[in-house]
Amino acid sequence: MDYRNTLNLPETDFPMRGNLPQREPEILQKWEEEDIYATVQKARAGRPKFVLHDGPPYANGDIHLGHALNKVIKDIIVKYKTMAGFDAPYVPGWDTHGLPIEQQVIKKLGVNRHAVSVVEFRRMCKEYAKKYISIQKEQFKRLGVRGDWKNPYLTLEKEYEAAQIGVFGKMARKKYIYKGLKPVYWCPSCETALAEAEIEYAEKTSHAIYVKFPVKEGKGVLTDENTFVIIWTTTPWTLPANLAITLHEEFSYVQVQVEKEHWLVAEGMLESLRSLWNLELPVEKRFVGKELEGVICKHPFIERDSVLILGEHVTLEAGTGCVHTAPGHGEEDFNVGKKYGLPVLCPVDHQGKFTAEGGAYAGMKVDKANPVIIEDLKNLHALVHEDKIKHSYAHCWRCNNPIIYRATEQWFASIDGFRKAALEEIDKVQWIPSWGKDRIYNMIADRGDWCISRQRTWGVPIPIFYCEDCGKEIISDETIAKVQEIFREEGSDAWFLRPAAELLPEGFTCACGGKSFRKETDIMDVWFDSGTSHTSVLMERKELAWPADLYMEGSDQHRGWFNSSLSTSVAAYGKAPYKAVLTHGFLVDEKGRKMSKSLGNGVDPLQVTKEMGADILRLWVCAADYKNDVAVSPRIMKQMSEAYRKIRNTLRFLLSNLNDFDPAKDRVAYKDLPEIDRWALLQLGKVTQRVLQGYEKYEFHWVYHSVHNFCAVELSAIYLDIVKDRLYVEGKNSTLRRASQTVLYDVLNALVRLMAPVLTYTADEIWPYVPGVPAGSHVQTEEMPEALPQWLDEALEKKWDTLLAVRSEVTKALEKARQDKLINHPLTAQVDLYPNAELEGFLRGIPNLSEIFIVSAVQLHSAGEEKPEGLSMAEDLAGFGIAVNSAAGEKCERCWIYDTGVGENQEHPTLCPRCASVVSHL
């Protein structure tokens, strides 16, 4: 008789191989056909809301790994919250305006933006943005991200733009919006102002020069003849705009002798200057900074005075302690100049070229003027020293060219108007990680006014008019309401298509009586676009809520979207738009280096999805401690693939042993389960608690490690290893087998749900195979499992901790015996145990030790019994010896256990008594 046919061998149609690149698109198609998003939302209607508000990615190019990390984290959160019983809508969005899209249109379509109409250029930009929205949308969906993809929010939509105008109007009504002449970050290449969030820092080599400014009027403090104040600058091109030299009122300054001249520098810099200039610089006089206020110098090459003033921003970190001050080219210079009533001189135009005010340098680009100015200083004997330095310098975020500080008339949002309220709101928000609070707090506390105007065309226009008669700026509740109404119907293109008269209320007149108006030509900063999504999206869409429960983006958004959203929300409504803010780090390779094309260390998420599957990528996101920088490489992805295989194989093994199990009628009550089964449920309870805690605290790596370790250790290496015999060999409907199947079912059912937010495709694939699952049901509409209190038996845990420590020592002894060729398989062995007195008492209370150790027999000797020679002594259990011997009896043909009872049953002479009994009852 072939006894193999009498075994309960595992069987399932659930595939062993994931084959994810082929299978996932089929599942995705099914989701789309069934409208999984609507199905889930319907299932959670009326439940408490949880709103994660999507920070909009830029509609430009294919998605990269940073996008994948961001969107998958959001998807894990939303899917978990849904399964935790919340109504958790997710409305994805896109940021669609701004310079990067303009640049791509110019570059890829070969368009000269000055040669086509504004309306036509904007149409091209819109088409470009929409193209990449469609591309990115499909790419995000392929990652398994569930959302309202049919109705995303786009910053170019007319409803969005109208709501944005409304926020601007609220800020203007509170006098937070003003026009001012002050230095702003300016990109000469892109010909526009930039916000702080549009600046990136990179290393740059600059000229560093020390220049003599001759004293013209010493005011009785300095002598007028042959006395010079020495300044230091790394931007020689700003010297034509110099109007003052700033000292610190409390610093000590010294007059030193250099041949027949007298030079003024800060005493704190003297030693470093002696070394750098290789001069002795003997001290002639000392002054305190405030004594020198009002001394007048002559500009070294322009007929103009340069006055000595005082400022707190002067430091002794570099230079001379005498700071070259050009109010038109620096924020600190501007602020100190304002205090002294200095004019704002900016002899540089929008292309970074000197204007006529630049004198001899007119028409020259500022970077080209540097060496010319230095040469002129040499010829005038005004150059003390010239050097080159490498330093971190501000560059444009899009064209990557160095930027300049340039005073221009711009529109600003006055941060001072609502700074205090914003700082108070920061205290009310939960910041994860907690250091994010200090970061954004300091940024808001130190932030200057926000330059919100841009000299471009692809964006939302600043809704301000000018009276042609008196030049007054026109903005009121009435004009804002009219523009908002038109934009809601026609979008912001109306600003460029209609004359001013049609955009203003009918019959509108200026206070001066004027009836002719022109429109502002600047558009809003894109950070104002995305920063008003709290109104345009959260307030406007009925399925969402304001404030959002969570904003989640990269940590660079403390100065970007988190900042602009907080600023506009507090300015308009006096409250933060979010209850909590979660940030993730940046991507690095295994050596901690940032991803870059030059290093060739990037990982393409689309390629990973194509070759391995989206669930592998999602598992990597889950495994990462994403709050810090996240390491990624092909090797790490391979590790994730292996971890996935372990989890999948474990789930498949569970399924394959449940092919005849009906949870409605085959379950065994908890009280009737053997200890090993109750121990497995204890472990399931613990892993369930840990996983749910990980989701709640956004510590998803807890989820990954808990599930992976549970599959690899508690299940595969212990429980499943032990009960395999029972599952295969015991009678099909025996209580012992059904007890194990009850546990397998509970473990499978829980694990699939616990991992569903992460392994979204695999959970969906396996769910219909789970016994008792209604046809057509979705795992995504299920709720998370819970750890039943009865499972969490502390006494049982303590007992099994000891028993598993013994098992571990036995396993080591068996492995040694196998290596020594004493046995070829654990089932050929009998284990003789020589415990200490305490352990003996413990082990005598454990039935079926052979089942737990997976050997044919166990002989437990008394503690007082003499231990034989050659005994293996346990490493971690004092006084515990183990001997491995060949098991007595014959090998059972059916279960492979050696038993002295093999042959007793004449009908089945090759079987042990247990197997003979089972077979006889078939």
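Placement of Cβ uses the backbone N, Cα and C atoms for every residue, glycine included.
Note that the coordinates shown come from a computational prediction; the quantities given were computed from them, not determined experimentally.
Looking at 57-67, 211-221, 662-672, the stretch flagged in Swiss-Prot as motif ''HIGH' region' turns out to be 57-67. Annotated by Swiss-Prot as motif ''KMSKS' region', the relevant range among 44-48, 594-598, 774-778, 899-903 is 594-598. Long-range Cβ neighbours of Cys912 (Zn(2+) binding site) (same chain, at least 6 residues apart, Cβ-Cβ under 8 Å): Cys892, Arg894, Cys895, Ile897, Asp899, Gly901, Val902. For Glu553 (L-isoleucyl-5'-AMP binding site), applying a Cβ distance below 8 Å and a minimum sequence separation of six or more within one chain yields Gly55, Asn70, Gly560, Trp561, Phe562, Thr583, His584. Other than Cys892, Cys895, Cys912, Cys915, the residues of this chain whose Cβ falls within 8 Å of the Cβ centroid of the Zn(2+) site are, in sequence order, Val729, Glu893, Arg894, Trp896, Ile897, Asp899, Val902, Leu911, Pro913, Arg914, Ala916. Residue density at Cys915 (Zn(2+) binding site): 26 other Cβ atoms are found within 10 A of its Cβ, drawing on all protein chains shown. The most densely surrounded of the binding-site residues Cys892, Cys895 is Cys892 (count of other Cβ atoms within 10 A of its Cβ). Sequence-distant contacts of the motif ''HIGH' region' (57-67), counting only residues of its own chain at least 6 positions beyond either end whose CB sits under 8 Å from a CB of the stretch, comprise 94-96, 98, 100-101, 104, 129-130, 132-133, 135-136, 139-140, 154, 554, 586-587, 595, 602-606, 632. DSSP states for the motif ''HIGH' region' (57-67), grouped as helix (H, G, I), strand (E, B) and coil, give 3 helix, 1 strand, 7 coil.
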